[in-house]
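Visitor: Below are the structure tokens for one structure; questions will follow.
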Amino acid sequence: MSDTAIYPVPEEWARTAHVNRARYENACKAAETDPEGFWRGVAERLEWTAFPTRIKDVSFHKDDFRIRWFEDGILNVSVNCIDRHLPERRDDVAIIWEGDDPAESAAITYGELHAAVCRFANVLKKHGVNRGDRVTLYMPMIPEAAYAMLACARIGAVHSVVFGGFSPDSLAGRIEDCGSDFVITADEGLRGGKTIPLKANVDAALEKVSVRSVLVVRRTGADVAWVEGRDIDYGPEAASVEADCPPEPMGAEDPLFILYTSGSTGKPKGVLHTTGGYLVWAAWTHEVTFDYRPGQVFWCTADVGWVTGHSYLVYGPLANAATTVMFEGVPNYPDHSRFWQVVDKHRVEIFYTAPTALRALMREGDGPVKATSRSSLRLLGTVGEPINPEAWRWYHEVVGEGRCPIVDTWWQTETGGHLITPLPGSTDLKPGSATLPLPGIRLQIVDAEGHELTGPTEGNLCITDSWPGQMRTLYGDDQRFFDTYFSTYPGRYFTGDGCRRDADGYYWITGRVDDVINVSGHRMGTAEVESALVLHPYVAEAAVVGYPHDIKGQGIYAYVTLNAGVDAHDDLRAELIKHVRGEIGPIAAPDVIHWAPGLPKTRSGKIMRRILRKIAENELGALGDTSTLADPGVVDDLVKGRPA
Ligand code: WTA
């Protein structure tokens, strides 16, 4: 990785962007010298029923730990995303929906969005959903997914969106954890020409945990099983209610949504975001990072099941009166030109996707890109994992034909929105670097003991002060929230990421330093995959690590010790992979299964993952000191047993 390749801000961008270099530097100064005034100013972009007088009340220290923003402010998220745009933009397109089948698409105006969300909200109310109730969404990428999210926000219910690729077991765990008794789903999803049995998965999940109601939206019209008294058909219900629903006035610190994400230990964590700070953050970052102006067509390819879909498909863009594209399909269906065909079809100006998708498309060569025009594109973005400079250059040169800046946005489910990112009118770009923090974001790189490292350096990335979009807690578990993020380095939020800072002060995220891996831009806890593996009757023990994977960024490498008397063979390998898919979902399927007669453990029984990572990476010369192992011979066996 070279620090010297610099792509300067194009002159036109420096001249016309919302934020040029002088504005960026001024904002950084203002955020430092007068944080209250600065954040008050940022909050003014929203419409408040009562504008907050208390701006920030934060301590990261154990004794008086609290994170509160805009605490006495009152607002409603759906009003900010819809109603306030109606006087001027009723007929502007809010959502462009592009179906899996290229022949299917739809345009929903802000006026239509208002009616659809109100109807949805009235259906929820009619079926007993109240302010504060948790509602689980298990939806395909259809406009009703956004309607359902906004409808919850309208009535003050808390949504928990579960990605449609998760298994019934994973869904059940997430329903149970937040005590949700209302599920919204569709008959089936459609992706890459294949159907996904969403309703059947919900039925299977509900064998483990019970809920009051399941609201079913018809997508494919397939004949699905029906439980009388529990299942509700959305279509007829929507027709039976009013297209107007008064918004619930919400406190800024009232919960908006829960989103489960993987941690380094235990079951997935229910990250909780609140109303005011989250929306301020999603809206502000969407505007400054993407230099967004109403009228432009903005496309974030993420699924609504992930935080990127929450912040940059739904909430950020709609709060800014944007035209946001929602794509039901996949990048390689019907062919590898699909992304770029959709760009041409809808005249997309800003395109935001994940490095894994780019690497997969890059492998198909330039042909499928060059078969399209892409003349509407003006800005490109990436998110989810470090982008390798080779993919960055391909994105810049082939997709963007050298004319579009790339914003490499670093953030997390926990952060609500971007924290480290170039601003296209202000930041010179370096391929592979997320560059500089947004104004008000105070980064610190520390060593393992928590000592601050200054100047050009590499270590663990912490943040020393809050920002409005920060998560507030883990649902129902304040203690785990504190322990996970604020106890490793007292007084600071620990991101879990490693990071390098170069001589220009640019930040380069090096990847997770905990037991979380990032597979195709999706977070996966190694502990979750291990738990799934050991549920199999033949498995005695399992240890999972990440390893570099050309397309996925990281692949899942599983060491498996079988029960005595069980033979290791390829059929069992396939069976174990299928088993993990069934337990968690396809995104958790191991790429490699390495039969391990034993695992390297210390005398106290702790697995030495460092060694397992090195063997998975095939760095056999760098295994380091193995003398503290209870049985050093285990390592030789593992090295000999590496799968071809
Ligand atoms: C990684 C996704 C490098 C990082 C928004 C982080 C990145 C984790 C980048 C969060 C980036 C995200 N460069 N790494 N631009 N963006 N990451 O919660 O390891 O699904 O901690 O949020 O993705 O993943 P999450």
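Just so it is clear, glycine is given a Cβ too, placed from its N, Cα and C backbone atoms.
TrEMBL labels come from automatic prediction, so no person has curated them.
A quick note: this is a predicted structure, and the numbers were derived from the prediction, not measured.
Copying in the features that TrEMBL gives for the protein in this structure:
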BINDING   Arg191, Gly192, Gly193, Lys194, Thr308, Asn332, Ser520, Arg581  CoA binding site
DOMAIN    85-465  domain 'AMP-dependent synthetase/ligase'
DOMAIN    528-606  domain 'AMP-binding enzyme C-terminal'
MOD_RES   Lys606  N6-acetyllysine
Visitor: Quick one: average pLDDT across the domain 'AMP-dependent synthetase/ligase' (85-465), no decimals.
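Guide: The predicted confidence over the domain 'AMP-dependent synthetase/ligase' (85-465), as a mean pLDDT, is 98.
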Visitor: So how far apart do the CoA binders Arg191, Gly192, Gly193, Lys194, Thr308, Asn332, Ser520, Arg581 get, largest Cα to Cα in Å?
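Guide: Max Cα-Cα spread across the CoA binders: 24 Å.
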Visitor: Which one of the binding-site residues (Thr308, Asn332, Ser520) has its C-beta surrounded by the most other C-beta atoms within 10 angstroms?
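Guide: Buried the deepest by this measure is Thr308.
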Visitor: Based on a Cβ-to-ligand 1 distance below 6 Å, what subset of the binding-site residues Arg191, Gly192, Gly193, Thr308, Asn332 would you report?
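Guide: Checking each Cβ against ligand 1, the ones under 6 Å are Thr308.
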Visitor: If you measure Lys194 (CoA binding site) to the residue listed as 'N6-acetyllysine' at Cα, how many Å is it?
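Guide: It is 43 Å, counting Cα to Cα.
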Visitor: Which whole-number value in Å describes the distance between the Cα atoms of Asn332 (CoA binding site) and the residue listed as 'N6-acetyllysine'?
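Guide: With distance taken Cα to Cα, the residue listed as 'N6-acetyllysine' is 43 Å from Asn332 (CoA binding site).
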Visitor: Cα distance, the residue listed as 'N6-acetyllysine' to Arg191 (CoA binding site), nearest Å?
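Guide: Arg191 (CoA binding site) to the residue listed as 'N6-acetyllysine', Cα-Cα distance: 42 Å.
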Visitor: Could you give me three numbers for the domain 'AMP-binding enzyme C-terminal' (528-606), the DSSP helix, strand and coil residue counts?
Guide: 24 helix, 27 strand, 28 coil
Visitor: Given the binding-site residues Gly192, Gly193, which one is most crowded in terms of C-beta atoms within 10 angstroms?
Guide: Gly192
Visitor: Give me the long-range Cβ neighbours of Lys606 (N6-acetyllysine): same chain, 6+ apart, Cβ under 8 Å, in sequence order.
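Guide: Those within reach of Lys606 (N6-acetyllysine), by Cβ under 8 Å and sequence separation of 6 or more, number none.
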Visitor: Any idea which of the binding-site residues Arg191, Lys194, Arg581 has the thinnest Cβ neighbourhood at 10 Å?
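Guide: Looking at the binding-site residues Arg191, Lys194, Arg581, the Cβ with the fewest others within 10 Å is that of Lys194.
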